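Engineer: Sharing a structure with you now.
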Amino acid sequence: MAGLAGTNRLTRFLLKVQISVYNIWEWACGRECNRGRMDFFCDMLTRRGSGNNVSEIIRHWGYPTEEHDVVTEDGYILSVNRIPRGLKNGDDPKPAVFLQHGLLAAGSNWVTNLPNTSLAYLLADAGYDVWIGNSRGNTWSRRHLTLSPDHDEFWQFSYDEMAKKDLPAVVNHILKTTGQEQIYYIGHSQGTTIAFIAFSSMPELASKIKMFFGLAPVATVAFTASPMSKLSIFPDYLIWDVFGKKDFMPQSALIKWFATNVCSKKPLSELCGNLFFILCGFDELNLNMTRTPVYTSHCPAGTSVQNMIHWSQAVHGGKLMAYDYGRAGNMAHYNQSTPPLYNIQNMKVPTALWSGGHDTLADPKDVAVLLTQVPNLVYHRHIEHWEHLDFIWGLDAPQEMYSEIIKLMSQQDLV
């Protein structure tokens, strides 16, 4: 054990040295860029991918990509991206894995870092058929068969519908397209929440999941200290009055301009990071700050005000429960006066979880409760120094977690 602890300390020390050297080089590049020098390298570091859609980002690095439209049972058209193989893999069938982003995020989360630090590329190069989802209402899934985003009706959804309608539609589309019977599911933040709901309440869907990987898992938010939880101090009607009945924090032309023209200028890139990432919490030493304009040009990607109210209700209730429409509305929707609870103990899917010690959204105390409820927990690792965004963008994520995910998947492939 002493030898292992020493190895871990050495690894952390070497990582800090690597990050320090990188930050010095990044600072020098930013200074020269402001003087009109090193334009190619500065553009490559700070702007590449900031104005692109998901497929364009993937294609830039030479990976094959496909775009799929998936229609839900209630008419929403979801954009799903696919990386069918890695750079050196053949066209033979590969196990499918589905990546689902978190709150206010988009599928671009999985591909906006460089290929050697982005989970989607690493999975593709490891021999997997990678599918990337976009929840209803975000930048890439703002379409419907009959409704327009200009209509209030379009935005009448929360993570309930993402779990019960979006997730089954995408999983079934992947299975139909690939001809496989099961897929792997990887979710981050809200992407784990919808999985807990769907896999515990829809056993037929759960049977189609080979293994569930939960990154920064969120089932309850009773202990969250995230600034977003401050919404919970306001009654629902006041949130409606302030934010309206449509979208909440959508990606906009102003955000894109700010990301491209302001965030890419040192030292303002650090300010931009603090402005947005303070919502989730991040470790500046573990984040590639030169990618800030790319991150902020894709996130926030928007959701519905109703979804944010659902999260506010979750903070109040302290449990994993359906959306609360009020007494009369609940009777109409659920035939009971209170919203039903979701029982995670009904979820039989093999589950692996990773949590962070400094995560203010997936608070360690909430995770501790969750761990007692997952009946088929095959693996859990707590990474003490991680915050909420380290799971998708952390510089040390490939060593700390991605390699473990791929190892667990390769072991499961043999079963």
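Yeah, the Cβs are placed from backbone N, Cα and C, and that goes for glycine too.
Not my notes, these are from TrEMBL:
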type	residues	note
DOMAIN	95-394	domain 'AB hydrolase-1'
ACT_SITE	Ser189	active site, nucleophile
ACT_SITE	Asp359	active site, charge relay system
ACT_SITE	His388	active site, charge relay system
Engineer: Tell me, what is the mean pLDDT of the domain 'AB hydrolase-1' (95-394)?
Structural biologist: 90
Engineer: What is the interatomic distance between the Cα atoms of the residue listed as 'active site, nucleophile' and His388 (active site, charge relay system), given in whole Å?
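Structural biologist: Spelling it out, the Cα of the residue listed as 'active site, nucleophile' and the Cα of His388 (active site, charge relay system) are 8 Å apart.
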Engineer: Give me the CA-CA distance between His388 (active site, charge relay system) and Asp359 (active site, charge relay system), in Å, as a whole number.
Structural biologist: 5
Engineer: Count the Cβ atoms, other than its own, that fall within 10 Å of the Cβ of His388 (active site, charge relay system), considering every protein chain shown.
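Structural biologist: Looking across every protein chain shown, the total is 27.
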Engineer: Please classify the secondary structure at Asp359 (active site, charge relay system) using three-state DSSP.
Structural biologist: coil
